[in-house]
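Below: one structure, written as structure tokens.
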Amino acid sequence: MTPEQIKALIRYLLQKIDIYIKQTNITDEQQINKLYKQVDNLFKELDAGLSNTIPKELYNDYLQGLSDAQKLLIQESVIAAATKFNPKQVINSAIHVTSLTNIVTDTMLDLTAAVRTAKANANKNIKKVLNDVNKEINNGLLVGMPNKEVSKRVANKFADEKLTAFVTKDGKHLPLDFYAETVTRTKKQTAYNHSHLNRYKEHNVKHVYVTGNIPTCETCARYRGRVFATERGDKFPYINLYKTFPLHPNCRCNFRPFVLKFKSKSEIDMHLKKSKTFNVDDDPRTKEEKEKYDNIQKAQAKARRQALSYNKMQRRLGKNGPKSLNEYIKVKNTDKVKYYDWVAKMKGLLPKDKDVTINKTVPIEKPNFKMTDKKIRKLKEAGELWAKDLTENEFIAVSKYTLMDYEYINNYLRGVITGIDDDQKELINSISVALNKFKLTEPIQVYRSIDISEYEYLIDNKKSNTFLSFTSTSIDKEVAENIDDRAKILKIDVPKGAKGAYLEYVSEFSEELEFLLDKNTRFKIISDDEATGVLHLEVLT
């Protein structure tokens, strides 16, 4: 089973939990108990499936490594090409049996612990979302909603919770599918690497040359193309190759034998000089290599975000959403109206936001708010740095807001509902703290769609000019126009220093290019153009 297949298996498990929750009447205690048993059985099946397949997968990787190492030994003239070699026999020698057993044991211990932790968190999350939805019912938010729809809401809220399998030393919560895929990929590469090193040891190879893909990351680049000794006390630098590699979960560094007696003095001196300049803090890549690698990483990150967005959209909309990832990508790129119709349906956009108030003062429009390519680029860079600076709790709070929690949060801030618990209040506080960390160094112009009812409320309202709730906007007018079939567009000038943040690197829907204004943001009217349907506001700081 490949890492990708493991990830797919765990996502299938999550889909089954989603189905079980939707089939459960949350007011029936017997059905809730049945749900917990069904979830428990799913995790038992997952544990059994991993135990039956992972050891075989690691065995095959180790076996392939032995075959590839044999070919490299022949290429370096360490052994003759005619030498009889059967990897299935070689793997039974003590050095290989011990090595492979240790790798399999470590892998299964990691995965079993991860599944056990994830199962405990799944039950905890189910209990939490059941409590949350029951509170919404008690607060009157879900009055008249059929049991089937209530159960669907529970399933959606469960899907928004991370199914944590492992917590890092710095407090990051790693979900089960990601963690299991990462562990498996790392251990498969470990099996492949150790088979090489052990095969070389059997033939008394004392030096290896580090190989791998190009372009590569700065971590791997430090080791690539260098010769290292396999034992201490050598003129070439020594590192523990068994413990050092793989350097990270996606590391593909490997080794080929470097046999001194078959090398010229000039060749040995050249590699010795290069290897002695080894420094774990230096990045030896050229500018072109860095850019090429970064471009590949950005493309892969974009593909992962698209897959994640598709999975969430498909889970929410079912037959009313995209039928495949390819359809999702095609529609997103070529049919903005249909794409934003999906987004609007999935997010269940409210018809109006009664927190917006206005003043009909009409000052002159300020041209410095206009967006430029340079300004957008700087805003994106600031958003990326800001996202990295957030604490784990702040990152999770903002991310959850963009996915589903914005609904109850903004209803509470507007006074539509009451009675939220302390955890929910803390979530609101974390969002506000996060937004205040963002430094808006230039004035920007953003957009928000509103319907005719909201527009009329804005025009007629005589209260203070304040957005009581958090206010979602986009730096792209087209996004705002297509996000929902609404009558008016708010064009909002946001001055330097305003409280808010650019969410592309935190949001579950990064393609919305969202700038989120903090709660209690004050504003004034600039103009109201009936011909274009644009209501122009300016945020006050």
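The backbone N, Cα and C atoms fix where each Cβ goes, glycine too.
Owing to the predicted nature of the structure, the values given are computational and were not obtained by experimental measurement.
The coiled coil feature in TrEMBL is assigned to 286-316. Note on the coiled coil (286-316): residues 11, 15, 18, 156, 159, 214-218, 221, 322, 325, 328-329, 332, 342-343, 346, 403, 508-511 of its chain, located 6 or more positions outside it, place their CB under 8 angstroms from a CB of the stretch.
Taking H, G and I as helix, E and B as strand and the rest as coil, DSSP gives the domain 'ADP ribosyltransferase' (384-528) the counts 63 helix, 35 strand, 47 coil. The domain 'ADP ribosyltransferase' annotation in TrEMBL covers 384-528.
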| field | Predicted model, mean pLDDT over the coiled coil (286-316) | value | 83
